[in-house]
Structure formats: C-alpha cells, structure tokens
Amino acid sequence: MTYTLAILGCGVMGQALLSAIYNAPKAADETAAAFYPSKIITCNHDEPSAQQVTDLVETFDESPNGIKVESTYGHNVSAVEEASVVLLGTKPFLAEEVLNGVKSVIGGKLLISLAAGWTIDQLSQYTSTVCRVMTNTPAKYGYGCAVVSYSADVSKEQKPLVNELISQVGKYVELPEKNMDAATALVGSGPAFVLLMLESLMESGLKLGIPLQESKECAMKVLEGTVKMVEKSGAHPSVLKHQVCTPGGTTIAGLCVMEEKGVKSGIINGVEEAARVASQLGQKKK
C-alpha cells in the first residue's frame, strides 16, 4: 500500500508533524512500512511559506522510509484530490475557509485535524472519517505528546495508521473527545507553562549571582532530572516533593513562599482558563 498525505497549513505544528513523520526510523517490516506515505504534499497560502517548508526539508537527510515531499501554495484542491489522508494544520480561525475550499474533494478521505476547538461533529460536515489530534511544539524533536480522538466511522484499519504517524511526535494518548479541550490546555499550551517555570528558575539563579548560561543549564537539568525521577520511581510528585524537604530547611521555606504567592493555584487556574478558551474556538462553526 502506498498513499499520499496532504498537509493543509504547514506552519509550526504542521512542520513539527512533517519533521517527525519524514525522519521516522525505518519501518521494521512491510506492515509497518505501509503506514507511512510515499509522498507528502504541503499546502500553504503564499510562496514565502512554501519556501520555508522547502528550506526545512533541505536540512533533512534522506527519509528512512523513502518519503518524498512536495511543497506548494495555492493548490489545496489538487493536493487533496491526490491524497488519501489529509492533515489539517491551519490555525483554528482559518480552518473553515480552508475546509470549504476543498469541500468538493475531501469526502471519503481520512482527516486528521490539529485545529483546536473544532469538534468531530463540525469536521464531519466535510468527511465522515475524522481524527482530532492535540499535540505540542516539542513534537518537532520527537519529545511531544499527542492526544487523539476518533469519529465513529474511522475503521480499525485506519486507527493503526494514525497511531503510527502520530506516535512519531512522542507519546500517543487516546482519549474521548470530551477531554480534548482540557488536552488542548494541558498538552498544547503546556510547554509555554513549563517554559515560564524554566525562565523563572533561570532568572532566580541570575538574581542570586549565578551567570546566565550556567543558570540556564542548571535549571534545564533540574526539570529534566525531576521528570525522569517521577517517571522512573512511579511515585506521586507530592511524595517526591516532601522527600526533598527537611524540618526547618531551605526547600520547605521556599515552598511556603510559593504557596503564599499562589503558584500552584495560579498554574491550575491558568490551565483551566486555557481550556475555557479552547472550548470557544469552534463555537461559531455549526
């Protein structure tokens, strides 16, 4: 089996998926190889955007799975006509215009949508086989997370294909669609929240006299090592947090100040607000 994948809107997230799929390790056997497209057509709205994709692909080595890439602009209809699988990578406010432009040719195609807030019901107006995906920018480096929901019409043969493609970004998690707005906040916006924590740790070191580069390196390693500790130990973060604290010590003193400043509630409320906004993104599209 060979097929073409069309990416409608190959910006930050589209390029992250393109990079992950194109550079995926060579498939172990013919069954796995069939999940990868022989060709990817990227579709953008203007020549500079298309050239950006071309420049990106030129930095890659040859695809381990023999995937070829064609970067285009203004040719959405012909790209979708050729494709069996369509990945919608446009910003949510552009999705309606883009989908209406290919409405006559997208029926019967498998649609993988990255458009936050667009529900399966809304997307099913264009094709019945729909997969909603929320991933994040670390996907570009293979360290992302992707939450996936399927329409009822997606077949048992199509799900493994989506699983294989999306797993290249990092962690693949299948959840009911009712969780997608929360996933948009936690997974999609999550890197920005973590980067705020990283920035805060860096700047605290700088304020206390540690040079910026060394402060950055230490803060990055603290985050990386802590995540690994949670992963390897299997313990709840609160248990590990209290293991660091000693009576009258530095850690509990710092934690008490952070609690007074509302750090934990601020993070929780921030994620909740991001989820609320995500729930509104598709409300105007009936």
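Glycine too: its Cβ is placed from the backbone N, Cα and C atoms.
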Swiss-Prot annotation phosphoserine: which of Ser104, Ser124, Ser204, Ser279 has it? Ser279
Listed residues Lys171, Lys207, Lys221, with the one flagged ubiquitin cross-link by Swiss-Prot: Lys171
Other CB atoms, at most 10 A from the CB of Thr246 (phosphothreonine): 9
Tell me whether Ser279 (phosphoserine) sits in a helix, a strand or coil according to DSSP. helix
Pairwise Cα distance for Lys171 (ubiquitin cross-link)/Thr246 (phosphothreonine) [Å, integer]: 35
